[in-house]
Amino acid sequence: MSPGRAVPPQPGHRTCQGTATGSTGILAPRAPALKQKKTERKKFFYTGHFLQVPVPVPPVHPRDKWSKKMDFLLSVVGFAVDLGNVWRFPYICYQNGGGAFLIPYTLMAVFGGVPLFYMELALGQFHRTGAIPIWRRVCPIFKGIGFAICIIGLYVSFYYNTIIAWALYYFYSSFSGTLPWASCDNPWNTPNCTNYFGRSNVTWTNSSRSPAEEFYTRKVLEIQKSGGLYDVGGIRWQLLLCLFLIFTIVYFSLWKGVKTSGKVVWVTATLPYLVLLILLVRGATLPGAWRGVLFYLRPDWGKLLSTVWVDAAAQIFFSLGPGFGVLLALASYNHFHNNCYRISVHFTTSLGVGFLSGFVIFTVLGYMAEMRDVEVEDVARDKGFLLFITYPEAIANMMGSTFFAVIFFLMMITLGLDSTFGGLEAVITAVMDEYPQVLAKRRELFVLGLITVCFLGSLSTLTYGGAYVVKLLEEFGAGCSILAVVLLETIAVSWFYGIQRFSHDVKAMLGFTSGLFWKVCWAAISPALLAFIVISSLLEQPPLVLFGYQYPAWSTSVGHLVGASSFICIPIYMVYKLVWTPGSLKQVRATSPWL
């Protein structure tokens, strides 16, 4: 071993500041002659302080590793570049001043998103364990963060995979000579259905509905059979089959670990880029496309004095994905000396995917505005309409509509699957690393049980009123709660584990320490940005509305309970840790001065 390179932490070994084994704090295994019964010290960390209570150490199991570095890189790219980059970024960009939005977006990425992205990759790669057990080595009293992350991951799986199932339904419906949402001559259409493409003297009113909108609401969702959250109705069996197929694909991609998922992402993570390029070229050739591009990029500098900063920060954190445990899990399968710093810096280029998708979307919106003879802002009414109504409507009236519909919805499916792979792998890794003695040799069964739970939890989103449930879970299941979790995670690592100690860990892996910029961002700027977003989000909560349906007041209360149900794990575990730690409170306070 070369001088100055630390021994990577092995399963069963523990990090501890101030040991005699080296400045990096890695406890080396005992010599065979001195080997005793394996024990570990139950620790209550604060810069190396702990209470000594011998408990058994679980048996050591070899850890999987990525077959190639590119498997890891594509897995991270696939998780971060998801459906939100295609529909959320363009909508938020034009809503917040067009080109002016890029200023706060870039600043938030540089000082908030990318530093936390790098921090999670480094944490996962150094400790090589999931989101729950990693806190035994960082700061045990914050272990509730790991449980909160897993609960949030389940909530996301309950609704996110239903959105992929909708895309699969569209994908299947696209294999026809004439797309079913191209005309008003279908059994599900109403007298309000108005088809203005290829016709003159067509009046578009507030009550008018396009064929694509009625296909989505009355055929795919059949939402007319629901009376709202009070009466969501029965389950759509067609969507049930689509969701079952989606979860089947997910299971066989994850059941063997990173060895299988690392191969699948070679297709699912690269195909969307090719499709986006094809759709961009096609959109740029449509009449009126320039109107959409101008609307997309025209800066409104007055917006910089509004809530644009909150929206920019939220978009960055949800795009890069710190706090979901995915980066921790994926990086934990890296080789110890993998250069995660270079990956973090180069990965910032993926943020441009959202910007590129804006051109794909708004060239089509300009085309639709030209056909309707209305303003672009009247076409792009809601971000949720872009994927399943606005863009399919434009595709239906293009030359070669079937081809473009097939590749568009195939792109949506692959984008969604990549994020699902990452989200569920975070839960799998966290739980299996927490209970290795039980689950290490039963991964296939555990993954099957987890997929079953996710499938059953998604059933309410497959009802006639399932779209209402999806929006409720999307708004509260992973909203403020995940941002609050990221905030506490950053504080725990930066202030309790310690910036200097974390920098030593990075140096042990990479051979160089983190610069002043990263330390300042981790310790001050990123936590301040996260606190700003959380407080702003709590203070400003607009009423929920979907398809003209006003959500009842009780549903908002239920949403808050859903969000709190994950975050509450953190204080509950803190209380548990204090109660069950041996010694009086005075002794604990003397040992751990931060209490």
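Here the Cβ of each residue, glycine as well, is placed from N, Cα and C on the backbone.
TrEMBL annotations: computationally assigned, not manually curated.
According to TrEMBL:
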REGION    1-22  region 'Disordered'
COMPBIAS  1-11  compositional bias 'Pro residues'
TRANSMEM  72-90  transmembrane segment
BINDING   Gly78, Ala80, Val81, Asn85, Ser319, Leu415, Asp418, Ser419  Na(+) binding site
TRANSMEM  102-123  transmembrane segment
TRANSMEM  144-172  transmembrane segment
DISULFID  Cys184-Cys193  disulfide bond
TRANSMEM  235-252  transmembrane segment
TRANSMEM  264-284  transmembrane segment
TRANSMEM  304-331  transmembrane segment
TRANSMEM  343-369  transmembrane segment
TRANSMEM  403-424  transmembrane segment
TRANSMEM  445-470  transmembrane segment
TRANSMEM  476-499  transmembrane segment
TRANSMEM  520-539  transmembrane segment
TRANSMEM  559-579  transmembrane segment
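Features recorded in TrEMBL, as mapped to the structure shown.
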{"residue": "Gly78", "record": "Na(+) binding site", "contacts (Cβ under 8 Å, 6+ apart)": "Val265, Thr268, Ala269, Asp418, Ser419, Phe421, Gly422"}
{"residue": "Asn85", "record": "Na(+) binding site", "contacts (Cβ under 8 Å, 6+ apart)": "Ser319, Val353, Gly354, Ser357, Leu415"}
{"residue": "Cys184", "record": "disulfide bond", "contacts (Cβ under 8 Å, 6+ apart)": "Cys193, Thr194, Asn195, Pro211, Glu214"}
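Least packed by the Cβ count within 10 Å, out of the binding-site residues Ser319, Ser419, is Ser319.
The stretch from 72-90, 304-331, 343-369 that makes the most Cβ contacts under 8 Å with the transmembrane segment (144-172) is 304-331. Among residues of the same chain six or more beyond the transmembrane segment (520-539), those with a C-beta under 8 A of the stretch's C-beta atoms are 108, 111-112, 115-116, 119, 307, 309-310, 313-314, 317, 479-480, 483-484, 486-487, 490-491, 493-495, 499, 502.
Same-chain residues with CB within 8 A of the center of the Gly78, Ala80, Val81, Asn85, Ser319, Leu415, Asp418, Ser419 CB atoms, the Na(+) site residues themselves not counted, are Val77, Phe79, Asp82, Leu83, Gly84, Val353.
Listed stretches 102-123, 304-331, 343-369, 445-470, 476-499 were compared with the transmembrane segment (403-424); the greatest number of C-beta pairs under 8 angstroms is found for 304-331. Of the listed recorded positions, namely Ala80, Val81, Cys193, Leu415, the sparsest Cβ surroundings within 10 Å are found at Cys193. Listed by sequence, the residues of this chain that lie at least six past the ends of the transmembrane segment (72-90) yet keep a Cβ under 8 A from its Cβ atoms are 66, 163, 258, 261-262, 265-266, 268-270, 272, 296, 315, 318-321, 326-327, 330-331, 333-334, 338, 343, 347, 350, 353-355, 357-358, 360-362, 383-384, 386-387, 411-412, 415-416, 418-419, 421-423. In terms of C-beta pairs under 8 Å, the stretch of 102-123, 476-499, 559-579 lying closest in packing to the transmembrane segment (304-331) is 102-123.
Sequence-distant contacts of the transmembrane segment (102-123), counting only residues of its own chain at least 6 positions beyond either end whose CB sits under 8 Å from a CB of the stretch, comprise 93, 134, 138, 304, 308-309, 312-313, 315-317, 319-323, 327-328, 331, 340-341, 343-345, 347-348, 351, 355, 486, 490, 493, 502, 505-506, 509, 518, 521-522, 525-526, 529-530.
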